[in-house]
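First comes the structure, then the notes that go with it.
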C-alpha cells in the first residue's frame, strides 16, 4: 500500500506543480473579469475537464507519438527534463511562463464568449510543460497500470484545479500576490529537482558507462 501511494505521489506531485493552478489564479481572474460567479465556475469546470482529457489522451497514446517520430524514451527524458528545468527556473523567479500563453492570445480570448477550451484548457492548464511531464512519466512503457495511474493523477489535478478556480477570488484575497509568488517559488524549486532527476535518468540510459 505504501509503495502504491509513493508511486502515485511521484506522478501526481510533478503534474500538479507543472499545471500550477494556484499560480494561474491571477490569469484566470483576469480572463473572467466581469463575469457572474456561476459563469466563472462553469468555465472553471469546462477548462479542467478539457485539460484532463488532453493529458489523459497523451498518457494513453504517448508511446505511439514517440514511436511515430522515432524518438527514444531516454532522449525524450533528457529533452523533457531540460524543458521542465527551464520552466522551474521561471517559477523560482516568479516570472510568467512563456509556455502558458502569449499576451496576444490572452487578449483575443477576452473577446470570445467561451474561453474554457482555449486558452484556459489549452495551453494555460494543459500546456507544453504538462504534456511533456505526462510523456516523461509514461516513458513509452506499455504498462497499463502505469498509464492508469497517470490518468488518475490527471483527473485529480483537474478536480483540484476546478476547486481552486471556483474559489479563485477568495484565494487571491487570502494569499495575496506575495503569498502566491512564494508558493510558486517553492513548487518551482521542487520541480527543478524533479527535472534534474528526469535528465539524469535519461543520460544514464543513453550513456550507461557515465554512472558506472
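Cβ coordinates are placed from backbone N, Cα and C, and glycine is handled just like the others.
Feature annotation from TrEMBL assigns transmembrane segment to 12-31, 43-62, 74-94, 115-138, 150-170, 182-200.
Here the transmembrane segment (43-62) has Cβ contacts under 8 Å with residues 15, 19, 28, 32, 35, 114-117, 120-122, 124-126, 130-131, 134-135, 137-138, 140, 147, 150-151, 154-155, 157-159, 161-162, 165-166, 168 of the same chain, all six or more residues outside its ends.
For the transmembrane segment (182-200), the most Cβ-contacting stretch among 74-94, 115-138, 150-170 is 74-94 (pairs under 8 Å). When Cβ-Cβ distances below 8 Å are used as the criterion, the transmembrane segment (115-138) is approached by residues 11, 14-15, 18-19, 21, 24, 27-28, 31-32, 42-43, 46-51, 54-55, 58-59, 62-63, 65-66, 76-77, 80-81, 83-84, 87, 97, 99-101, 105-106, 109, 146-147, 150, 154, 158, 161, 198 of the same chain, each at least six residues removed from its ends.
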